[in-house]
Amino acid sequence: MTLKITPARGLRGEAWVPGDKSISHRVVMLGSLARGETAATNFLPGEDCLATVRCFRALGVEIEGPDGDTIRIRGRGPEALTEAPDVLDAGNSGTTMRLMLGILAGQPFFSVITGDASLRRRPMGRVTGPLQEMGATILGRRNANLAPIAVAGGRLSGIRYRLPVASAQLKSALLLAGLFADSPTEVTEPVATRDHTERMLAAFGALVARRGSSVTVAPSPELCGREIRIPGDISSAAFFIVAALITPESDLVLKDVGVNPTRTGILDALANMGARISVSRPRESGGEPVADIRVRSSALRGTVIEGALIPRLVDEIPVLAVAAAYADGETVIRDAAELRVKESDRLAATRKELSTLGADIRETPDGLVIRGPRRLTGGSCNSHGDHRIAMAAAVAGLAASDVTIIRDSNCIDVSFPGFAHALNSLRLE
């Protein structure tokens with residue numbers, strides 16, 4: 001599919017973004033391990049989350065929906081999970097594969113999990129290694145670093161593990177495995193990463209404690225199903241936020257967006273660039289902080305994005321590079337080498353596609369350097385099969401001088417079904 005973006009004067013009005021992808025995955029996982037019904041609204045019916053749904057259905061869990069944005073999981077406890085009759089397919093979802101590995105490691109049956117061609121190239125050794133330390137038998141290509149991966153699970157031993165890099169997925173996989181261990185599991189982070197797993201484990205009744213940079217989960221009593229309204233995904237909101245900042249007549253309010261402090265690095269970085277952004281009506285939904293975000297057109301300036309800020313905005317770096325292209329001065333992004341092993345090499349893809357549109361941008365081994373301001377020219381872009389690259393190119397095209405074409409844009413459905421329609425409904429021609 002091809003997406004055509006024409007220049008816009010701005011974005012105006014109120015909008016809601018789809019439910020948070022990270023939380024939607026975890027609702028299905030914990031709802032499947034819990035006893036009783038879990039009913040979630042504002043669930044993201046994107047391709048990645050649907051892969052998680054399919055995996056748990058294959059393990060014998062009764063899941064109704066998603067019907068629109070509502071899903072019901074009728075959990076019967078972890079002992080009700082059964083060996084899948086076929087290979088589990090995580091599709092393009094690294095979250096599905098890595099977190100599922102943690103759960104499968106604790107099950108008394110054999111599983112094989114794989115994914116599409118892109119996911120089969122992404123490294124899994126950071127997860128499989130510590131799970132093997134906990135007692136799981138795991139086999140796969142290149143010493144269990146590449147899928148397909150086979151797991152012979154069973155009773156695990158709790159461990160104390162220091163993450164070699166900041167990774168919410170690795171932390172989450174080990175905490176989920178810790179539910180099935182014979183003693184507590186402690187995970188220590190080099191810097192804070194998104195904490196949705198800890199919050200949701202506690203909400204479902206698990207015994208979770210945080211002390212400094214460490215999180216501990218105990219072999220848990222029975223998890224209990226619950227009702228949850230999933231907040232809007234700030235990673236999806238980021239595309240509208242940057243689009244409003246760089247188009248000249250914008251005044252946009254995004255409603256009910258998750259503002260978990262481990263995810264709001266995008267707001268901090270843009271504030272450092274001079275963005276006119278305000279957050280109002282703070283509240284809680286399902287144990288997660290939620291608020292409305294108002295964004296107005298702004299004159300941006302260059303900044304440095306590095307260190308502990310990176311895990312708090314890692315998914316937003318492609319669209320931050322778009323903001324930087326329109327900012328006055330130099331923006332330096334570093335400590336982001338992890339982006340090279342996402343759905344695409346996001347550093348290379350961002351540099352290539354923004355260069356195509358006329359940006360002054362270059363790669364470094366662990367980041368990007370962008371000089372602005374530049375009025376981008378429009379042109380023909382490749383999504384690289386990566387939803388975040390496709391949407392970043394679309395945002396860049398809104399403020400360009402001519403039409404922008406994004407090829408292979410169907411990948412956007414991974415995280416934001418209906419993105420183009422939502423964008424068009426807000427634009428000033």
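Residue 1 is the first one shown; counting continues down the chain.
Just so it is clear, glycine is given a Cβ too, placed from its N, Cα and C backbone atoms.
Since the structure is predicted, the reported quantities are computational estimates derived from the model, not experimental observations.
Listed in Swiss-Prot:
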BINDING   LYS21, GLY94, ARG122, GLN169, ARG346, ARG388  phosphoenolpyruvate binding site
BINDING   LYS21, SER22, ARG26, SER167, GLN169, ASP315, LYS342  3-phosphoshikimate binding site
ACT_SITE  ASP315  active site, proton acceptor
Neighbour-count leader, CB within 10 A, binding-site residues: LYS21, ARG122, LYS342, ARG388: ARG388
Long-range Cβ environment of GLY94 (phosphoenolpyruvate binding site), under 8 Å and at least 6 residues apart: LEU119, ARG122, GLN169, LYS342, GLU343
Cα-Cα distance, maximum over LYS21, SER22, ARG26, SER167, GLN169, ASP315, LYS342, record's 3-phosphoshikimate binders, Å: 19
Neighbouring C-beta atoms (10 Å sphere around the C-beta of GLN169 (phosphoenolpyruvate binding site)): 23
Between ARG388 (phosphoenolpyruvate binding site) and SER167 (3-phosphoshikimate binding site), the C-alpha gap once rounded to whole angstrom: 19
Chain-internal residues near ARG26 (3-phosphoshikimate binding site), provided their CB is under 8 angstroms and they sit 6+ positions away: LEU99, SER172, HIS196, THR197, MET200
Among SER22, SER167, which are binding-site residues, the residue with the most C-beta atoms within 10 angstroms of its C-beta: SER22
ASP315 (3-phosphoshikimate binding site) and LYS21 (phosphoenolpyruvate binding site), distance between Cα atoms, whole Å: 12
Residue among binding-site residues SER22, SER167, ASP315 with Cα closest to the Cα of ARG346 (phosphoenolpyruvate binding site): ASP315
Same-chain residues at least 6 apart in sequence whose Cβ lies under 8 Å from ASP315 (3-phosphoshikimate binding site): SER235, ALA238, ARG388
